[in-house]
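Now, the feature entries from Swiss-Prot:
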| type | residues | note |
| --- | --- | --- |
| COMPBIAS | 9-19 | compositional bias 'Basic and acidic residues' |
| COMPBIAS | 416-431 | compositional bias 'Polar residues' |
| COMPBIAS | 437-446 | compositional bias 'Basic and acidic residues' |
| COMPBIAS | 447-465 | compositional bias 'Polar residues' |
| COMPBIAS | 488-501 | compositional bias 'Pro residues' |
| COMPBIAS | 511-528 | compositional bias 'Basic and acidic residues' |
| COMPBIAS | 529-538 | compositional bias 'Low complexity' |
| REGION | 1-29 | region 'Disordered' |
| REGION | 360-395 | region 'Disordered' |
| REGION | 416-548 | region 'Disordered' |
| REPEAT | 699-742 | repeat 'NHL 1' |
| REPEAT | 746-788 | repeat 'NHL 2' |
| REPEAT | 792-835 | repeat 'NHL 3' |
| REPEAT | 839-883 | repeat 'NHL 4' |
| REPEAT | 887-930 | repeat 'NHL 5' |
| REPEAT | 934-974 | repeat 'NHL 6' |
| ZN_FING | 43-84 | zinc finger |
Amino acid sequence: MSSSPQNEAEAREKMRELMSRPPSSRPADFVNPLEKIEQLLTCPICLDRYKQPKLLPCQHTFCYPCLESCADTLHRNLKCPECRAEHNIPYDGVKAFQPNYTLTGFLEIHLQATPESAAEIEEYIHRYNLERCKICDEKADCEPCAHCDRKACKECRQTHMDMLKRDMSRLLNQVKRLANRITEASDNLSKGVDMMTMNCETTKAEIKEYFHRYQRDLKKKEDNFLMEVDTFQATETRNMSNLRDVLEIESSNMSEAVSRLDAAIKGECSIEDSELVRMKNTFTEGLEYLRNFQPDADELFNRKLRFSAGDDAAKLPAAITTSGELCVLVPQFSGRYLPLEQSYLPRPFRLPLESDSYRVKSDERASMRDREADRTSSRHSHRNPEPDESSIRYRRRQQLEDEAWNRLRNSSAAPSLLTTSVTADSSSRTSPWAADRVTRSVEPTKSRPTSLIVPNTETPRTVSPASKPPLPPQSVERVERTEDASPAPLPQLPIRKPPLPRQQSSNDDSLNEKVETIRRAHQQRQDASRAASRAVSSEESEGEDFPVSTNRGRIRIVCRAASVNRDDGLMSMIPGTGTIINVPPPQHQLPASAPITNGTSEQVAIPVTHFTGEEDESDIVVPAWLQRRRQRFQRSRTNPDIQAQFTSARVQQLLAERQSRLDSSTTTDEEKEKLAVLRQRGRSASREAGEWRARGRPRAVFGRKGAKDGELNWPRGICALSGGLVATCDSSNHRVCVFDKDGKFVRQFGGYGAGAGQLDSAAGLASSKLRVIVSDRYNHRISVFGLEGDHLFSFGGHGQGNAKFNNPWGVAVDDLGSIYVADKDNHRVQVFDKNGQFIAKFGSFGHLPGQLNSPLFIAVSRVTHHVYVSDSSNHRISVFDPHGVHLFSFGEEGFHGGQFKFPRGIAIDSQENLIIADSGNNRIQVFDAQGQFVSSFGTWGGGAGQLKGVEDVCVTADGSIVVTDRENHRIQIF
């Protein structure tokens, strides 16, 4: 760049100016190495350059003349001026001491500053005083970076600015896509003004016709009503015109900002780094404004005025003074567009920016190290650990949601006449582009007053102090289980009493003695009870004659009094040894170079945490307390005396007679058969639910956040490939990653862009024979690849017509090769043949049966050919036949079994069970083919078997369930 020589010249001039100052007036961080060398060449006695430097036996050096003056010729010794050590003078005198050849060599160097050597010396001093870049850690000319506020070298600053420009390009494209909302709202306001004028004219005609019969008596009343209508018309016209003008100003501001940024990105005009950063923040806020901009058409454009004669029309002569009223008809549910709607949506609707992620990368690493240290220290302490950032974000989201629902319930009915004002949350918020324009116009002329039209601002939202924060998912789940099991009597579990509370010392000695006596007695009783229990357990273990079988098909670990916020430790078995080791939770990832033992001694790049399956658990070491418990149960079950009594013929006969009497006295034969069928069905359903709950322990967990091979950044769609492989959409890395059944990285394909074979935030994934179908969200198309990642063809485009998409999400393929696509923002499902030719479509926006609201994922049954669609924003699953005819729906919003909160991925196993990713509730739910709830597993968290924003699910050929744990950036296999 042309400014580089100028910057170097300024740096040299600054250095010369610092060197000309005395050392005391220089900055503390400036060092002249030549002055340090000069200090080393100065004699500490005469404070001048060494003259014939002599080295004493104590390794201190002085000038020969100085040593002559310090020598004691009478006693022939010399005391070192530095360390006061006494040395004998040689026979030949002080000159016989060893010369310091090193200092002599330095003194012989001629350091005269000539015009040729001055530049080299200045360059040397300049390099010596260079700072280290805070990013690449190299010495260079560092200046504050406008992006990250850290001193960085030129290359790192340029890298940051390039990253910022890429983010600005993406923001620019999104703003252009969403800009039509303001234009449409402005056009609708113009139509609303015309419709409102027509409505008012019609109302005037009705009023005139009604009051013409009572012209003389009701003339005054008529004038009053007409005046009210005119006032209403003027007020509404003024409000709507003002709002339209505001929207037009918003549109012009946005267009100006877009054109200015577009010119800056294309290089048509120069722009400062700080201005670019400010514009990036402005566009980020503007994009948030456009996302939340959803004007209520009924509230703004369809407010109708209607004249009502009243119920006392027959008594009009007597009630002429109180007859008639004007009513403003506000459509029902006019306030259904909540301003907080976007605040508690799942994170996939908020894509992080590359520059923001890079900006806080080092801070995140430091905070992760701090959290790791906090977790380690909390394991050894008795205090509850602090809630992490994710749990705080979860509670905040729940709090915002509860607040929005309370405001919706408590909202009043239609506002009264002439006191209402047009309030639209999405329209009344101040746009960032307007603020940007005001800032630019005020900066040149600060003294000139500026009048602005400021829309209504939102009042600050307050949370009632009496409202309790929502419970974490673990505690909520426990409450549900307790409520479900409340009708049945629960066995009384032994509860360990807490220790007596420590009281503060008082000045009353007698009271302190009593308290201490009570404390000692309580401690003695506890010690005695522990000793007795240990003696009983030791006697039981010594007198045991029955072997305990440890070869169990499944191990159930019961956690007693576990803290909700604790880190779940995982158990993993070392193959061939039969010993169990504690594996840290997957969020504490191992370094990339650490070897992972998974049955073979291979070294992989990404940690893959394997868990003991159900096949080989014969060598698992059972804890002592669990072994004693099983021994007691085994002993009571195999006691020969009790066994003989209960297996005798007489006892069995009495039991059979009692059962027959009960059956004959209460039921008929048909009822007996029904009861038997119901019992068998209940036992089967209970057994099936138990088997599904037992699968909540993952077999393997792999992946972590990053962009390297095997790393993931917001994984979304997933599908099973032939050969036991699994493919997933690495959404924020704009690629598809393929892993084997053990979690080892195999290959990847795709890449960021809009060209052939490139992707922009891939979401859905499906496989058919030798092809992989990927939904390319922001390119609004479907891309078809071969199994090896070679691009075959693409189809689609942005729009609302047939074969056009608006943010396509999930894809599915049936046995005939037909491709089903969930067209999310068009609220429909489109069907294509295997070559991408349009066949049919079904679904429309709404909440009625057969309508969809942001459909996300699709699954097609291979047996019934039914199409299952996750109707996400309606919190349900909609089922269609192959022709698009709606059959039924199941599910509703909630957190109980069978209820959903933004459901996403759907998979169908070999038994036609539906496995659904309940994203908002962070769990997997299982239903039968008729939509009846079977079981669920999973909860919120970062441990094994825990989920954060589960996205998609698939079933492999061996029956394993593979889940994309989106916000944990990993894959879990159950």
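Note that Cβ sites are derived from N, Cα and C of the backbone, with glycine treated the same way.
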Among 699-742, 746-788, 792-835, which stretch has the most Cβ pairs under 8 Å to the repeat 'NHL 6' (934-974)?
699-742
So what's near the repeat 'NHL 2' (746-788) in sequence-distant terms, Cβ-Cβ under 8 Å and 6+ beyond its ends?
173, 351, 709, 716-722, 725, 727-732, 734-740, 794-799, 804-813, 817, 819, 821-822, 832, 834, 836, 857, 952
Distal contacts, the repeat 'NHL 3' (792-835) - CB-CB under 8 A, six or more residues away:
177, 717, 756, 763-769, 771, 773-778, 780-786, 841-846, 851-860, 862, 865, 867, 869-870, 880, 882, 884, 905, 952
By DSSP assignment, list the helix, strand and coil residue numbers for the repeat 'NHL 3' (792-835), in that order.
3 helix, 23 strand, 18 coil
Which numbers of helix, strand and coil residues does DSSP report for the repeat 'NHL 1' (699-742)?
6 helix, 21 strand, 17 coil
The repeat 'NHL 4' (839-883), counted residue by residue under DSSP: helix, strand, coil:
3 helix, 22 strand, 20 coil
Tally the residues of the repeat 'NHL 2' (746-788) by DSSP class, grouping H, G and I as helix, E and B as strand, and everything else as coil.
0 helix, 26 strand, 17 coil
Tell me the residue counts in helix, strand and coil for the repeat 'NHL 5' (887-930), as DSSP assigns them.
0 helix, 22 strand, 22 coil
